[in-house]
Amino acid sequence: MKIANSITDLIGNTPIVKLNRLPEAGSADVYVKLEFQNPGGSVKDRIANAMIEDAEQSGALKQGDTIIEPTSGNTGIGLAMVAAAKGYRAIFVMPETMSLERRKLLQAYGAELVLTPGPDGMKGAIAKADELAKEHGYFVPQQFHNPANPAIHERTTGPEIVEAFGKDGLDAFIAGVGTGGTVTGAGHVLKKNYPDIKIYALEPEESAVLSGDTPSPHKIQGIGAGFVPDTLDTKVYDGILKVSSEDALETAREVAKKEGILVGISSGATIFAALNLAKELGAGKKVLAIVASNGERYLSTALYNFE
């Protein structure tokens, strides 16, 4: 085992594990890539580090600068970790309705928080971050627009999957769409290596914007932003899978109880979709789903309400 020079060197090369007890008899094999094994606890560590390194290389970010980003979730945590490791000041703008554990996690990394009115949602947070960035000259990574986002998945996530499955290949790949960076970047690599693979973008059933529906509230944190992001290549996927918030929550609970893997809500959605797709494909086929984050991050949400 190599000794790393920085916590950022440990991002990526996440493990893939087979699900043994949840898939029905006669189904395809179902595998999950555990992105919560990244040091900041989610898939977003990849893009956080990539966006900051890209900005450093282009000269858009230099020592002494401040990073600001409107975020309610894992991208903020990844950025806070990378900013701490590299010595940048970090400010995150989020709606005041976001969970206390989220806020504390960001503050633990030394980040500053600016809270915006809850009813204004993420649009209010984005507007406030833009206002502060213009006023003070802060750097905004802009995860929904930054090409470094899908590029890092093309450079790391996709090749990691190909290395794991080798010449035997893979029949289907499922990733939830928040920014769309994972399905876009990894999808391009998988298509090149496995011409017959089917790539699926996953979104909340209640807010199926990719399918042409109108944005609506849902409980699957981290996906279903309510618009089609610039970082999503809509030509890379072969189909869109829709999963309800209830099915996502229930599956996440089942994965913990039956596979011993504690996953977040969006991972419950990707696994629900993978199990159903595995039934359709049948024995001898292989399906891989992305597990974006760990269930510990959602202990105060509806996911784990044991009362």
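Every residue, even glycine, has its Cβ placed from backbone N, Cα and C.
Nobody curates TrEMBL annotations by hand; they come from automatic prediction.
Quick look at what TrEMBL lists:
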BINDING   ASN74, GLY178, THR179, GLY180, GLY181, THR182, SER266  pyridoxal 5'-phosphate binding site
DOMAIN    7-291  domain 'Tryptophan synthase beta chain-like PALP'
MOD_RES   LYS44  N6-(pyridoxal phosphate)lysine
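Where TrEMBL records a feature, it is marked here on the structure.
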{"residue": "LYS44", "record": "N6-(pyridoxal phosphate)lysine", "contacts (Cβ under 8 Å, 6+ apart)": "GLY73, ASN74, THR75, ILE77, GLY78, ALA292"}
{"residue": "GLY178", "record": "pyridoxal 5'-phosphate binding site", "contacts (Cβ under 8 Å, 6+ apart)": "GLY222, ILE223, GLY224, ALA225, PRO229, SER266"}
{"residue": "THR179", "record": "pyridoxal 5'-phosphate binding site", "contacts (Cβ under 8 Å, 6+ apart)": "ILE47, GLN143, PHE144, ASN149, ALA225, PRO229, THR231, LEU232"}
{"residue": "GLY180", "record": "pyridoxal 5'-phosphate binding site", "contacts (Cβ under 8 Å, 6+ apart)": "PRO150, ALA201, PRO229, THR231, LEU232, ASP233"}
{"residue": "GLY181", "record": "pyridoxal 5'-phosphate binding site", "contacts (Cβ under 8 Å, 6+ apart)": "ILE47, GLN143, ASN149, PRO150, ILE152, HIS153, THR231, LEU232"}
{"residue": "THR182", "record": "pyridoxal 5'-phosphate binding site", "contacts (Cβ under 8 Å, 6+ apart)": "VAL43, HIS153, THR157, ALA175, GLY176, ILE290, ALA292"}
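The secondary structure of LYS44 (N6-(pyridoxal phosphate)lysine), as reduced to three states from DSSP, is helical. Neighbours of the pyridoxal 5'-phosphate site: apart from ASN74, GLY178, THR179, GLY180, GLY181, THR182, SER266, residues of the same chain with C-beta atoms within 8 angstroms of the site's C-beta centroid are VAL43, LYS44, ILE47, ALA175, GLY176, VAL177, VAL183, GLY222, ILE223, ALA292. In the shown protein chains, 31 other C-beta atoms lie within 10 A of the C-beta of SER266 (pyridoxal 5'-phosphate binding site). Taking every pair among ASN74, GLY178, THR179, GLY180, GLY181, THR182, SER266, the residues listed as contacting pyridoxal 5'-phosphate, the largest Cα to Cα separation comes to 15 Å. SER266 (pyridoxal 5'-phosphate binding site) falls within a helical segment according to DSSP.
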